[in-house]
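Look at TrEMBL and you will find 24-159 tagged as domain 'Jacalin-type lectin'. Under the heading signal peptide, TrEMBL lists 1-16.
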Amino acid sequence: MLTIAFLALLCASASATEIQPRASSYSGEYGGGGGERFSQSGNQLDGPITAIRIRVSSYYIVGLQVRYGTVWSDYVGGTSGDLDEIFLYPGESIVQVSGKYKTYLRKLVFVTDKFRFLSFGKDKGTSFNAAPLYPNTVLRFISGRSGSLIDAIGFHWDFYPSDYESC
């Protein structure tokens, strides 16, 4: 009798696991092999991505910083070049990122679910296109490598946090 109850419980938990939709995926790493590793994985706990700061020189993406909810991540990269800042609309999410790289990151284009294209950098190098593997998922955080420039970047996708109140 105990064996039958155990098997029933095992089957019930296996079928419950099967109906759980997969959500998280990773795209990358795009760029060269230099720099120190960084990850903003803990920042996603502050909320969804709400703004992006990108520092761009004549040839490269020099640095970046992302705002999660109302909290800015640590800045990564160098200090040369011009700083651009873009704010997302309340409830807007990044659903695709494309760009170019050679030894360093050269261009980033963020595409939102409101059909905005937020473009930074120069159109030279090897192209990449990053998108989530699963439907209804969005960019939750970034990782990569940086030094005086952004050497490489990766994108982490998951569901939009349902318990987050927009700013």
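Just so it is clear, glycine is given a Cβ too, placed from its N, Cα and C backbone atoms.
Per-residue confidence over the domain 'Jacalin-type lectin' (24-159) averages out at a pLDDT of 97. Residue counts for the domain 'Jacalin-type lectin' (24-159) under DSSP, split into helix (H, G, I), strand (E, B) and coil, are 6 helix, 83 strand, 47 coil.
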